[in-house]
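Asker: Residues or ranges marked as 4-amino-2-methyl-5-(diphosphooxymethyl)pyrimidine binding site in TrEMBL: B:GLN39, B:TYR40, B:ARG41, B:ASP42, B:LYS43, B:ASN71, B:SER110, B:LYS139. If you look up TrEMBL, you'll see B:ASP72, B:ASP91 marked as Mg(2+) binding site. The annotation domain 'Thiamine phosphate synthase/TenI' is assigned in TrEMBL to B:9-189.
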There are 2 protein chains.
Amino acid sequence: MKLKIDYSVYLVTDTGFLQGRDFAACIEAALKGGVTLLQYRDKNADSRVLLERALLLKKMCAVYHVPLLINDRLDIALAVQADGVHVGQSDLPVTVVRRLLGEQAVIGASAHNPEEARQALADGADYLGCGAVFGTTTKNDAGYLGLDGLQCIRQAVTAPLVGIGGVNSTNFEQVLQTGANGAAIVSGILAADDIEAEVRKFKTIADRYKNI
Amino acid sequence: MKLKIDYSVYLVTDTGFLQGRDFAACIEAALKGGVTLLQYRDKNADSRVLLERALLLKKMCAVYHVPLLINDRLDIALAVQADGVHVGQSDLPVTVVRRLLGEQAVIGASAHNPEEARQALADGADYLGCGAVFGTTTKNDAGYLGLDGLQCIRQAVTAPLVGIGGVNSTNFEQVLQTGANGAAIVSGILAADDIEAEVRKFKTIADRYKNI
């Protein structure tokens, strides 16, 4: 049976916000705080480094019973037996990922409008990452969607979706108010001085919403 | 049964030498000239572009009955059903690639000395790419091996191996004289004004060597 996912507090990794702190220690703090889903995203490292970090995350996620998805790199996902893959519009097509990973894998796709959202789901995606909801510096090429745009996609599809882009513990509730199932968070968690405590703030807010 | 490979005139793609010429047209000229093996290497393109180019190469290679290997990206190799993968020391380990691709796949590994060569073969590699044989500008991080170093690896292992790094139609014969089974060639083919004619020069030389 397919893994049941809690998309509410979805951490996407980025080493750029760690300010010299240890990668594994920061991710473990986030897992302790209660992130519900983890995506390993790293667009720059060599494959060997990607593999080593993904293996480390896989072990940590197993301890905390948190599913692990890999951004873009289906080979890394296969190598570490991750729970799935997240693909953007310039990554491998959802149809190809589904064919190679099988029906049980969790496949997410980025969508910036209702048309992309419907297409991704028709192609076999399990959930959608929609953004940028707020101004963000994480991905320079991410188009701005806004809360209105997110709500527009929410009304167009019934599949799980998360908002991404500039989400922090202050604006997280606005994302949930659109009917989104959660948010994919990068700097909103990883740039915090106390990562574990920051994740707990998200958890407290998420606990109040039934769309999760 | 495992594919029998002719490693003699082994083209490794690089878009940097095409001087604005069409990628597909240049590769087709090389196939017409008689390259015996093709590796698609592209360290910069998005996964979607990698997939599209790999699919194109797969179709062209089928027409010319030339095996296609993919550099590093096992996911792209799986997606296009390439004949195998070539990995460097900072790519996925050979053991992982072999486990995911199976026994029939052709797996090549870069080796810069006898120790790396023996290890790669023990890990399951089918052939070795050894270099840099000559000074080269293709990969900034490639250590210099020289013809002596190539011969040293040749004497240490019996598996197929090719020299790589700065090989052109003028120095190709020196590579074959070490007992190497061929050369992996980048600019030596792709920077030529007449790619097809340049490949024929390599073929003429290769025809004189029985270690191929």
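Placed from the backbone N, Cα and C atoms, the Cβ positions cover glycine too.
Situate these features within the shown structure.
Answerer: The secondary structure of B:ASP42 (4-amino-2-methyl-5-(diphosphooxymethyl)pyrimidine binding site), as reduced to three states from DSSP, is coil rather than helix or strand.
The DSSP secondary structure for B:ASP72 (Mg(2+) binding site) is coil.
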Asker: Quick check on the binding-site residues: of B:ASP42, B:ASP72, B:ASP91, whose CB has the lowest count of neighbouring CB atoms inside 10 Å?
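Answerer: Candidates: the binding-site residues B:ASP42, B:ASP72, B:ASP91. Fewest Cβ atoms within 10 Å: B:ASP42.
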Asker: Rounded to the nearest angstrom, how far is the Cα of B:ASP91 (Mg(2+) binding site) from the Cα of B:ARG41 (4-amino-2-methyl-5-(diphosphooxymethyl)pyrimidine binding site)?
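Answerer: With the alpha carbons as reference points, the distance is 12 Å.
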Asker: Of B:ARG41, B:ASN71, B:ASP72, B:ASP91, listed here as binding-site residues, which sit with their C-beta under 8 angstroms from a C-beta of chain A?
Answerer: B:ASP72, B:ASP91
Asker: Considering every residue in the domain 'Thiamine phosphate synthase/TenI' (B:9-189), what is the mean pLDDT value?
Answerer: 95
Asker: Rounded to a whole angstrom, what is the C-alpha distance between B:GLN39 (4-amino-2-methyl-5-(diphosphooxymethyl)pyrimidine binding site) and B:ASP72 (Mg(2+) binding site)?
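Answerer: Answer for this pair: 10 Å between alpha carbons.
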Asker: Taking every protein chain shown into account, which of the binding-site residues B:ARG41, B:LYS43 has the largest tally of Cβ atoms within 10 Å of its Cβ?
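Answerer: Answer by Cβ density within 10 Å: B:ARG41.
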